[in-house]
Structure formats: structure tokens, C-alpha cells
């Protein structure tokens, strides 16, 4: 008996037990989404000007004297001032030279009374630090994708998931209290490291909980919780004017998830793969009882030899390595295309998520509306992915994103709301691509290399999110039109490259490298209904 048969006949494929557990493991994804995007709010750049000689802390932001107004007009920059000119002077010397804001800055009062930018003056020649601190989050993701994945296979999903919860809360709280920006960068890296330990493992746990027909819901469902995190972040940011308070507000609730050590059990699939049948039986019996069914220990133990005797892949799994992804032309091409797709979707999605209002608009409202807009796109994915196919859904998502970004270039500048809506719709299209990509990538590669390929793609994708930090927080401010063109080009290229990949919907999964070679011959085929269930659906 296979594990899927056990779920279908004895435990239930998606009963009340799985529904509760699926909900629990995805709740931390909301906090994860808030953390990855919170730097947009905690590092908000307030309008500023140079602090002048003789100006005290209570001086107004608006310059009162005629010369100082003239100063701003002539210098044309909030990063320069006239040298050797005091705040109380009535006239400007003819030979006055410009200099940087060596005495600091005066910040214009706004919704935020304090941000990381105002605390450490991360503007002008220091503005690169703002994008750097966001980028190190994705360096943490890069490292976490490999380490958390490896640790979860060795020590279990539950242990790594719980450790990621602790790390996320600790680093989040520390960011609010540290006195130096390099420490903020350090703890943002820690937050990034915890990200795959929560999001990716939530997807894995969700996948391993349910029957084959419900597996597509794992990636899409986690993406929906991520979208809700954006909504909550936009709403919570309205409530706090101090960046430290906002940081604590999204970090402290993580203490609730400490209860998961008792509420969320280890993955029964993982326990069985390690030969821990008694523990797996106890969990499956509890699940069956919760679902109104029964399962005996003997039935659980009967599946222990199936992975070896039925598909003969055990030895192959031990010998196949990442190098096999590049040995043959077909797998090499598939791997490289998958790498670019992961880079593209991460780059453009995070760039638009971090700074959705780079073309104008209220940033809080952008997050709230943007998060809600992603939900119907994800519903469309669930309804259409098996009918249209994974590849064509990806192509449509990428082309739609590119088209919407190009449309922003022809909309007049005064129509900021329309521009913002187009950007948010483009981001929503990519949210659907992100959700599909988890399933599609796992199906593109043979069983003996599936986890390896997924880990590599996730790691390589961090290159895109790393670049997005600089695009969104540094370049978009001065080169909005260029960024729109760049995002469109990246998405269009990804959509075109998808044509080089085979369709996987309605087909058996490749188990061995030889199967994958045959699998590569299908490119422009239309998804077919399976006449017999695949290894993954039995």
C-alpha cells in the first residue's frame, strides 16, 4: 500500500484534521510576509533638507527667510546647502559654494515621526544603505533555502519549522532596539534565513498532509496567506508612527507560535521515510480519529517497503547529484530556463511588492489593495491550472505582467491612481506565477533529483530578489520609466523561455533521469487527462 492509498482509504485526503493543520502551519506565513516587506515602512524616506549653521532643533522645516527659499531653488537638492551661511543670515554671499549636509538634516513632519532613515540619516550619499539592508534579507533567504531544506530532510520538518519561528521573532524584536544600522542588517539577514524555514516548509508540510488531488492547494494556499500578510502590514503600519513600534508589532505576535511545538506534529511521511513507524502510526491514527475514520498500526507498517519495491528508486536517489542536472542537453536547458524563471519572478514580484507606489500613490493603501487583488488571481489558478496547463498559465502571467507595466508608460502622469492600479495588477499576475512555479518546478524534474532541483531554483531565485532591493529602493526613485521597461523586459523574456519547457499537467511524473529525457520531447502539447494515475497520485 502506498501512502496516498492510506490517506484515501483510511485517514482522509483533506479532512478536518488536515484543514486545521494546514491553517496552523500557514499562519506564520502572514508574519513572514510582513517581515520581508516591512522595511518599506520602517525605512520610509521623509522629505528632508540640510540643517543650517545656527539652526536649533525646534526650527520649522519650512525655511522662512527669502535667501533660504532661494537656496533651495538654486541648489535643486535636499542634499546640498551653501557653505559658511548661517540660518540667521539675510543675504547670500556672492562667492558662496555648495556643500553636503555636514551638520545633519531637518525632516519634514509626516505620518511617521521616526524611521530607520531618520535615525541614521540614510539619505543622500548614505541612501545605498537602505537598499543594502533590504538586500541582505535575501542573502539570508539564499542561505536558508539550502540549510533549512537540508536540515528539514535530516532532522524533520517540525524541528526546523519551530526553530525558524524562534529565530524570526528574536531577530524581529532585536531590529527594534539595536543602536547601529549594521546590526539591523545582521538581524535582517537572520529574518531572511528564517523565511524558507517557514514558507517553504509550510508548503512541504501542506503537501505531505494531503492527497494528490489537493497538492496544488499547498503552494497556492501558502501564497494566499502571504498576500494576506501584505494586507495586514499595510493596515498595521497606519497605527504606528515610530518605526520601532511597528517592528515590535509585527514581531511579538510570533510568541503565539511557540505553542506549535505541541499543536503541530511531525510529518508522517518524513517519519516513515526514516523508519519511525510507531510515531507515524500514532500521528496517522490521531488524524484518522479526528476525521471520523480508523487506521491500525499494521496498515501503517505495510507501506514501509513500497518506495523500494514498487519504483526501485531508492538507490538512484542516493547516487543522483546536482551535477546530473547539467549532464544532458535537455536537462541542462530545462534547468537553466527554470533558473531564469525563478530569478525573473522573484525580481519583478519583490520589486513591485517592496515599492508598489513608485509611480505615485499612498503606500499603505497600495499594500492593502495589492494584497487583496492577488487573491482572485490565485483563485483563477486553482480553477484553471489543470485545464490550461502549468506552462501556459506561466506564460499568460508573465505576458500580462509585462503588458500592464508597459501600459503604465502611456498613462498620463496626473492619473496616479490608474498607474498604481496597473502596477498592482501586474504584481498580482506575478503572484499567480509564483504559486504555479512551486508545483511546476517540482514536476519538471525526476523524482531522484526533485528536491535538489527545487532547492537550487529557490537559491538562484534569491539573485532576483536581491536585485529587486536595489531596483525598488534606489533606482526606481529616479528612473521610474526605465524600471517599468526593465520589469516588462524581464517578464517577457521569462514568458518566451517557458515555450522551451514541456507541459506537465495530465502526465505521469518522471521518476528517473531516463524518464526525464523522454519527458523533454513534449513541448507544444496540450494538457491531457491521465488515463491512469501517476506515481504521485496513487
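Using the three backbone atoms N, Cα and C, a Cβ is placed for every residue, glycine included.
Caution: TrEMBL annotation is automatic and unverified by curators.
Residues or ranges marked as transmembrane segment in TrEMBL: 20-41, 159-181, 193-210, 217-240, 246-264, 335-352, 364-385, 392-411, 417-440, 452-473, 479-501. Among the features that TrEMBL reports, domain 'Major facilitator superfamily (MFS) profile' is placed at 28-506.
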Where else in the chain does the transmembrane segment (417-440) make close Cβ contacts, counting only residues six or more beyond its ends and a cut-off under 8 Å?
203, 215-216, 218-220, 223, 227, 341-342, 345, 348-349, 352-353, 356-361, 366, 369-370, 373-374, 376-378, 380-381, 385, 390-391, 393-394, 397-398, 400-402, 404-405, 407-408, 411, 454, 487, 491, 504
Cβ-Cβ under 8 Å with the transmembrane segment (392-411): same-chain residues at least 6 beyond its ends
341, 344-345, 348, 359, 381, 384-385, 418-419, 422-423, 425-427, 429-430, 432-433, 436-437, 440, 481, 484-485, 487-489, 491-492, 494-495, 498-499, 503
Intrachain neighbours beyond the transmembrane segment (479-501), with Cβ under 8 angstroms and 6 or more residues off its ends:
333-334, 337-338, 340-341, 344-345, 347-348, 351-352, 358-359, 391, 394-395, 397-399, 401-403, 405-406, 408-409, 426, 430, 444, 471, 523-524
Cβ pairs under 8 Å with the transmembrane segment (217-240): which stretch of 159-181, 364-385, 452-473 has the most?
364-385
For the transmembrane segment (364-385), distant same-chain residues with Cβ under 8 A (at least six beyond the ends)
37, 40-41, 216-217, 220, 223-224, 227-235, 237-238, 353, 356-357, 393, 420-421, 424-425, 427-429, 431-432, 435-436, 439, 505
Mean predicted confidence [pLDDT] for the domain 'Major facilitator superfamily (MFS) profile' (28-506):
82
